[in-house]
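As recorded in Swiss-Prot:
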BINDING   GLY220, PRO221, PRO222, GLY223, THR224, GLY225, LYS226, THR227  ATP binding site
COMPBIAS  1-15  compositional bias 'Basic and acidic residues'
MOD_RES   SER90  phosphoserine
REGION    1-31  region 'Disordered'
Amino acid sequence: MPPKEDWEKYQKPVDTEEENDKNPPPLDEGDIELLKSYATGPYARELAAIKEDTEAVLKRINDTVGIKESDTGLAPISFWDVAADRQRMSEEQPLQVARCTKIIENEQSAEKNAYVINLKQIAKFVVSLGERVSPTDIEEGMRVGCDRNKYAIQLPLPPKIDPSVTMMQVEEKPDVTYGDVGGCKEQIERLREVVELPLLSPERFVKLGIDPPKGIMLYGPPGTGKTLCARAVANRTDATFIRVIGSELVQKYVGEGARMVRELFEMARTKKACIIFFDEIDAIGGARFDDGAGGDNEVQRTMLELITQLDGFDPRGNIKVLFATNRPNTLDEALMRPGRIDRKVEFGLPDLEGRAHILRIHAKSMAIDKDIRWELIARLCPSQTGAELRSVCTEAGMFAIRARRRVATEKDFLDAVQKVVKGNQKFSSTADYMNMSS
């Protein structure tokens with residue numbers, strides 16, 4: 001074996017580049033940006049900026065819209081805060097519902113007032129207010145929440161209202177406008193004077209020193225547009241709209257119908273402006289009589305409560321009341337007097353121009369020929385209501401479907417007139433006296 005000094009000269013010299021490969025230097029920010037730019041197109045930066053702007057706009061829209069409604073009524077899981085909810089539940093103790101029957105005022109300070117509460121089936125207590133309640137929040141006769149230890153008032157509660165009464169409030173506005181109601185131009189103007197003008201321009205009535213009308217009766221044959229006009233009113237105004245069917249107030253047990261009417265007006269008084277629409281009022285508003293058996297006593301009690309709420313000892317407030325019926329001659333005189341019902345609007349049969357307008361309204365969404373003579377079809381439908389004219393349009397569409405055509409022609413409408421008007425005369429909903437007068 002050769003000595004060490006001999007074979008060291010044959011050893012391959014160490015390359016500094018290989019050492020650098022084994023221990024590479026760390027990358028700085030410029031190198032990282034350069035690596036990120038590899039395999040990217042010329043518009044990558046612009047697309048990334050547009051994506052960030054889109055996400056920011058979408059986030060603002062979601063924050064503005066809020067939580068979407070779900071079938072379960074729960075918020076999305078991303079909005080849950082279980083820890084905070086548990087802490088809040090541990091801090092807040094369950095309360096007992098009581099009624100404040102009397103307020104004992106203190107001459108020195110209102111904060112030292114005493115309150116007499118009545119706990120149902122327990123006893124009456126004289127208590128004070130909790131730390132979170134102001135003396136101005138509590139009134140005599142209202143429901144309050146009390147703690148279980150000292151019975152101190154911790155929370156003012158809203159009045160108790162039957163859920164069936166709460167469900168009468170119309171949440172979503174109907175899609176019917178005044179332009180969708182044909183043949184009722186004069187009736188719509190009189191209706192808007194009573195409903196919309198006092199809500200939009202109350203100063204006119206104040207200057208004249210008169211109270212605006214608060215009750216209106218819509219009467220006429222079936223199918224002339226009474227309920228349709230009420231739906232248009234609900235679409236037009238921003239006031240709370242409550243729809244009541246007369247038969248809903250006819251209850252089995254004594255006093256239930258009167259209680260529902262009372263709670264209905266209590267709920268209406270809590271609103272800034274409210275419109276109550278009683279459809280088919282003849283179900284509870286018939287003339288009072290004694291049949292000897294007492295079968296209609298409960299219905300009469302319900303009507304008496306309605307009469308009292310309309311114009312009784314307590315003021316009605318900013319509540320407009322609409323009634324609709326096709327039998328005005330059967331209603332009680334006390335219900336029809338001015339002060340309770342200030343204006344009566346008759347919905348009669350439409351004239352020739354009104355019938356043509358109604359046909360155009362119902363045919364607006366149909367696939368029809370352009371050269372249909374609506375005045376001719378309207379002239380062939382004398383003494384017909386708006387509902388019967390709508391049936392004519394529906395039957396014309398059925399004739400077109402039966403013939404496997406994509407559009408309805410004038411002949412289809414003429415055949416529909418023959419079927420609806422001529423074939424259903426014995427089932428006509430028009431009153432006899434109106435047929436005679438026409």
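Cβ from N, Cα, C; glycine included.
Feature map: Swiss-Prot annotations on the structure.
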residue	record	Cβ neighbours (10 Å)
SER90	phosphoserine	8
GLY220	ATP binding site	22
PRO221	ATP binding site	19
PRO222	ATP binding site	15
GLY223	ATP binding site	21
THR224	ATP binding site	25
GLY225	ATP binding site	25
LYS226	ATP binding site	26
THR227	ATP binding site	18
Mapped DSSP class for GLY220 (ATP binding site), helix or strand or coil: coil
Environment of GLY220, PRO221, PRO222, GLY223, THR224, GLY225, LYS226, THR227, the listed ATP site - residues of the same chain whose CB lies within 8 A of the CB centroid: ASN326, PHE347, THR385, GLY386, ALA387
Rounded inter-Cα distance in Å - GLY225 (ATP binding site), the residue listed as 'phosphoserine': 57
Residue pair GLY220 (ATP binding site), SER90 (phosphoserine) - Cα distance, angstrom, rounded: 61
